[in-house]
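A short worksheet on the structure shown next.
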Amino acid sequence: MTTIVSVRRNNKVVIAGDGQVSLGNTVMKGNARKVRRLYNNKVLAGFAGGTADAFTLFERFESKLQMHQGHLTKAAVELAKDWRSDRALRRLEAILAVADETASLIITGNGDVLQPEHDLIAIGSGGNYAQAAAIALLENTELDARTIAEKALNIAGDICVFTNHHHTIEELEIPQAMLPQGASA
């Protein structure tokens, strides 16, 4: 599978992923890009699961973003509705992590749209390792979002055989006006 991690801290949101594509117990590719920018570079998205399935979902999600003028939550809910009700989509095996300036969401194949706790998402085979590492770093350091995501992926890559150390990291800056009251850059 893979590991995707998203961290939101201060004025940044990051989604990062490794590059390993496995077929059974064989590594087929080590430098896949599982993290992308969508909707005029305003939305970050990463996937865990089947590569072909994820590309189908990326296309569908981007069309929902266009339809809803970039509104992340509306696009995610509409994609999840389609995923639940469309026979072909229901067969797709992937999970998406998406984020923009305002929200971070997980979209599952069961049709769930989840807003994570602690502004942290970790999905895929190494997700539990990355999540534990990122929580520890969020609670005990002042590291920025990118560094936390990178370190969490490195730890997951050291433990999970389906996660490697070839990372793709995308980052969005959150304008000061979009930050919660009392938060600073």
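Even glycines carry a Cβ here, placed using N, Cα and C.
These come from Swiss-Prot:
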ACT_SITE  Thr2  active site
BINDING   Gly157, Cys160, Thr163  Na(+) binding site
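Everything Swiss-Prot records as a feature, shown here on the structure.
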residue : record             : DSSP class
Thr2    : active site        : coil
Gly157  : Na(+) binding site : helix
Thr163  : Na(+) binding site : coil
Starting from the Cβ of the residue listed as 'active site', draw a 10 Å sphere and report how many other Cβ atoms land inside it.
27
Name the one residue among Gly157, Cys160, Thr163 whose Cα is closest in three-dimensional space to that of Thr2 (active site); these are the binding-site residues.
Thr163
Around the Na(+) site formed by Gly157, Cys160, Thr163, list the extra residues of the same chain whose Cβ is within 8 Å of the site's Cβ centroid.
Thr3, Asp18, Gln20, Ser125, Gly126, Tyr129, Leu153, Ala156, Asp158, Ile159, Val161, Phe162, Asn164, His165
Please report the number of other Cβ atoms within 10 Å of the Cβ of Cys160 (Na(+) binding site).
21
Mind giving me a neighbour count for Gly157 (Na(+) binding site)? Other Cβ atoms within 10 Å of its Cβ, every protein chain shown.
21
